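Residues or ranges marked as Ca(2+) binding site by Swiss-Prot on the basis of similarity to another entry: 16, 145, 146.
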């Protein structure tokens, strides 16, 4: 992994939050991007529940699938009030020109007293979005609107 063991890191950005996520596989980079995003919202080390949500999505390309994946998790947080800390992407596959993801997100009910709110994310953006296979695995760059 080119990140020297890191799952993700935050980068400088003028108005929003930008991060790089790393993984040995495309599935792992999607998991680590989700972890990076949720650590913007809350401290995921304070989450331990096993409430699961299954995520099944289809998109025209891998970059769109990454944005859709993160956007769906953000939607589940906002609507179901579940904070996630563990992500298991079971499969990402390409079929007939479309990409699909099958994944589980684990967490617990959001309680402000248990999960101090760090930063509100309004949306996952396509701004400066990158997803690429590298010599040591995969790397994704994501900007979220705050």
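Keep in mind that glycine also has a Cβ here, set from the backbone N, Cα and C atoms.
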Residues with Cβ closer than 8 Å to the Cβ of residue 16 (Ca(2+) binding site), same chain and 6+ apart in sequence?
-> 125, 127, 143, 144, 145, 146
What is the total of other Cβ atoms whose distance to the Cβ of residue 146 (Ca(2+) binding site) is within 10 Å?
-> 14
A correct count of other C-beta atoms within 10 Å of the C-beta of residue 145 (Ca(2+) binding site) gives 13
So which other residues, same chain and not among 16, 145, 146, have a Cβ within 8 Å of the centroid of the Cβ atoms at the Ca(2+) site?
-> 15, 17, 121, 122, 123, 125, 143, 144
